[in-house]
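Listed features, source Swiss-Prot:
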- ASP73: active site, proton acceptor (ACT_SITE)
- ARG15: site 'Important for substrate specificity' (SITE)
- THR74: site 'Important for substrate specificity' (SITE)
- GLN156: site 'Important for substrate specificity' (SITE)
Amino acid sequence: MKKSLSLVLASGSPRRKELLAQLGYDFDIVLPDIEEAKQADEQAQDYVLRLSLEKAQAGLALAKPDSVVLGSDTVVVCDDRVLEKPKSFEDSKRMLTDLSGRRHQVMTAVSVVSSEQQHSVVVTTDVWFKPLTHEEIEQYWQSGEPCDKAGSYGIQGLGGRFVTRIEGSYHAVVGLPLFETDQLIQEFL
């Protein structure tokens, strides 16, 4: 990496921090505060892309001059509905019931910005769930894992036992597609 540039992750997600570290980059972390609200007619892909870009741009305002800032967001889409982080057990139960025994999409957007340029990508992965019982959903909620996850599950944790198949990027489902993220960062080197 050029010595004049410093990489900054605009996220408090421990999963994104761990995944970015896997790419071998040194980076700092800033915690941008943006409103995550879907506009009424906004398509899922446009929404997740907008959020990743807003996070990166807000992070750029918090970072040192000459920083390169990475923002990312993930949503789960089922029947053209965006499933974000659950607000309650009832919300989580509804999401997991909707995903039960079906295919859905996980969309992760990554935006990398500097004061001179910006590059973004959206990675969509198809995920299939086994049929879930009410008991499995209740036990999973009790584990605490679904609380901070889009779609109310984490493929890298206990929620992985619900997944029968994926087509696409496993790392994108976790929160940061490694290949695509590295390609974006390379644009700034």
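From the backbone N, Cα and C atoms, a Cβ is placed for every residue, glycine too.
Rounded to the nearest whole angstrom, the C-alpha distance between ARG15 (site 'Important for substrate specificity') and GLN156 (site 'Important for substrate specificity') is 9. Here GLN156 (site 'Important for substrate specificity') comes close to ARG15, VAL174: these same-chain residues lie at least six apart in sequence, with C-beta atoms under 8 angstroms from its C-beta. Within 10 Å of the C-beta of ASP73 (active site, proton acceptor) there are 28 other C-beta atoms, taking all protein chains into account. There are 19 other Cβ atoms within 10 Å of the Cβ belonging to ARG15 (site 'Important for substrate specificity'). Around the Cβ of THR74 (site 'Important for substrate specificity'), the same chain contributes VAL48, VAL106, MET107, THR108, ALA109, ALA150, ALA172, VAL173, GLY175, each under 8 angstroms and 6 or more positions distant in sequence. According to its DSSP assignment, GLN156 (site 'Important for substrate specificity') is coil.
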